[in-house]
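Q: Just passing along the structure, written as structure tokens.
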Amino acid sequence: MSGNPAVVMRLLASAYTVAEKAGAIVRRVLHSGELGVVEKTGANDLQTLADRLAQQSICASLSRRFPKVTIIAEEELPAEEVGEDLIETGQAEEILHKTCPAEYSTLKEEELVVWVDPLDGTKEYTEGLLDNVTVLIGIAYGGRAIAGVINQPFHNYQLGEGADLGRTIWGMLGLGTFGFQLQEVRGDKRIVTTTRSHSNKVVMDCVDAMEPHEVIRVGGAGNKIIQLVEGKASAYVFASLGCKKWDTCAPEAILHAVGGKLTDMHGNAYRYDANCDFSPESRNLHTYLRGTANLGTIICEVVVCLFPAYRLQLVRKKFV
């Protein structure tokens with residue numbers, strides 16, 4: 001490694017190793033058989049011991065190395081000391097050796113915002129649908145998602161005993177994506193992926209408007225974006241309340257880095273500022289690990305389109 005890597009590259013390199021540690025925590029809790037499940041707002045909004053430990057690990061590890069970075073995470077946890085066994089100090093050398101895009105090379109810690117979903121797809125995690133589960137760490141600057149890390153703790157789990165479990169993919173605007181093979185849906189098929197457990201008439205009307213040949217219902221926003229970039233789906237549609245910005249920041253950065261697009265149902269881009277909107281539409285409080293701040297944000301209404309863009313226009317034409 002030559003020179004001193006830019007702050008954002010060091011943060012991304014740390015996010016990579018921290019996400020891998022969080023993924024290991026998620027696997028360990030599952031194998032223990034003691035999930036510690038609690039309902040937050042209902043049966044479809046769960047929290048487990050894995051969510052709690054993974055968030056503690058991610059936030060404490062990143063805040064220790066980057067104390068001026070704003071970290072916004074999903075779970076509201078009490079302020080408490082985090083054990084050293086949860087701290088990850090490593091950094092991904094692969095990322096540190098990359099050349100930072102010029103527009104981000106002089107960014108300061110205090111200009112960056114990290115959005116964390118320690119366990120995306122918690123309901124599926126409790127039901128054994130392990131390929132739906134991801135750990136999401138997104139990095140935003142100027143309200144825009146610019147880099148993201150997605151860890152899949154159980155990638156390859158269906159291969160059985162002895163399989164090499166887990167993988168981590170990452171991407172950055174102006175740099176590219178890594179850890180997976182970008183593919184398009186084969187042939188002329190229109191395949192839509194959408195929510196498995198939060199569907200309603202509006203969602204299905206939007207899905208139907210795209211006249212898909214096939215609809216894939218799976219859990220987890222991170223998992224659905226992976227469906228897009230690996231050519232298993234053409235579009236991800238979820239025109240309803242339920243998805244939050246910690247669900248979308250990391251996946252959006254990766255999707256945009258390969259030329260895709262993520263917007264709300266009106267085609268507007270999301271903003272990932274530290275001082276998010278406290279409007280009446282805001283239903284969730286986002287908190288730092290130690291409870292030093294509460295930040296409100298608008299719940300996302302997601303319409304994602306990758307190949308090609310006209311499908312997004314079809315949905316907007318019929319429902320806006």
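A Cβ is built for glycine as well, from the same backbone N, Cα and C atoms used for every other residue.
Since this is a predicted model, take the numbers as computed values, not measurements.
Copying in the features that TrEMBL gives for the protein in this structure:
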type    : residues                              : note
BINDING : GLU74, ASP117, LEU119, ASP120, ASP247 : Mg(2+) binding site
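Quick one: how deep are these features, and who are their neighbours?
A: Sequence-distant neighbours of LEU119 (Mg(2+) binding site) (same chain, 6+ apart, CB under 8 A from its CB) are ALA22, VAL26, THR48, ALA50, ASP51, ALA54, TYR125, VAL133, THR134, VAL135. DSSP assigns LEU119 (Mg(2+) binding site) to a strand.
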Q: When you measure from the Cβ of ASP120 (Mg(2+) binding site), how many other Cβ atoms are you left with inside 10 Å?
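A: That number is 29.
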Q: These are the binding-site residues: GLU74, ASP117, ASP247. Which one scores highest on other Cβ atoms within 10 Å?
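A: That would be ASP117, with the highest Cβ count within 10 Å.
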Q: Cβ within 8 Å of the Mg(2+) site centroid (GLU74, ASP117, LEU119, ASP120, ASP247 excluded): which residues?
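A: After dropping the recorded site residues, what remains is ASP51, VAL116, PRO118, GLY121, THR122, THR134, VAL135, LEU136, GLY220, ALA221, GLY222, LYS244, TRP246.
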